[in-house]
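Here's the structure we're looking at; comments come further down.
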Amino acid sequence: MQLTRCCFVFLVQGSLYLVICGQDDGPPGSEDPEHDDHEGQPRPRVPRKRGHISPKSRPLANSTLLGLLAPPGEVWGVLGQPPNRPKQSPLPSTKVKKIFGWGDFYSNIKTVALNLLVTGKIVDHGNGTFSVHFRHNATGQGNISISLVPPSKAVEFHQEQQIFIEAKASKIFNCRMEWEKVERGRRTSLCTHDPAKICSRDHAQSSATWSCSQPFKVVCVYIAFYSTDYRLVQKVCPDYNYHSDTPYYPSG
């Protein structure tokens, strides 16, 4: 009895293994002449042949195997050919622009009764809001008002009572006090009128942060100082055209 010739092909890790099975020897007493001729010779063992798939046939074989192991949508992703995906748009840049810093805005007032230094900083957050920071250092006595005003605000002297009213009226510009800190004490120094004597003066340090939003596009700092022997009104506006992508044209 003879067994038919068989051939098995299977794929392991991208390589093709080919196993060929020859005819089995028949039972003793077989009358096959070919069997009699080769009876005295040992039957050669067919070696197991291993070969690689040709580049043309590899994608087909790989896709057949991967189709059984992975979902249809992931076949080409495993083969190194990812499917087309929509390109993600880059995130919008949220760069913070410093309109002017501590060294760009300051007001220094020195009188017989008062020594005052005010510094400020404005930061544009790029999302329609900006912050205004103030630092105040004063020795002596005097009344000072710091307000946020539009560029059209006229620089003029007012009565002392109107200064604080204007400071409260700045709320109409969508600005609010976000943080404030005040420290008070006494400081001794040489008397101004008589350097041979030592005088004690009131000393105050304060910091404040205001948060503003649109439509308050351009902000100016308005300082008004009144004392018995000195008066000062000052308006400081940043160079908005230098820091902004769109030009600003003031009106009024």
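Note: Cβ is positioned from N, Cα and C throughout, glycine not excepted.
As annotated by Swiss-Prot, region 'II' applies to 23-75.
The compositional bias 'Basic residues' annotation in Swiss-Prot covers 45-55.
Taken from Swiss-Prot, the feature N-linked glycosylation site applies to N62 (among others).
The region 'III' annotation in Swiss-Prot covers 76-157.
Residues or ranges marked as N-linked glycosylation site by Swiss-Prot: N127 (among others). The DSSP secondary structure for N127 (N-linked glycosylation site) is coil.
The N-linked glycosylation site annotation in Swiss-Prot covers N137 (among others). Following the DSSP three-state reduction, the secondary structure of N137 (N-linked glycosylation site) is strand. For N137 (N-linked glycosylation site), the same-chain residues 6+ apart in sequence whose C-beta sits under 8 angstroms from its C-beta are L116, L117, V118, A204, Q205.
Counting every protein chain shown, the number of other Cβ atoms lying within 10 Å of the Cβ of N143 (N-linked glycosylation site) is 12. Look at Swiss-Prot and you will find N143 (among others) tagged as N-linked glycosylation site, backed by sequence analysis.
Marked as region 'IV (linker domain)' by Swiss-Prot: 158-166.
Residues annotated as region 'V (Cys-rich)' in Swiss-Prot: 167-252. In this model, the region 'V (Cys-rich)' (167-252) carries an average pLDDT of 73.
Comparing N127 (N-linked glycosylation site) with N143 (N-linked glycosylation site), their Cα atoms are 35 Å apart once rounded.
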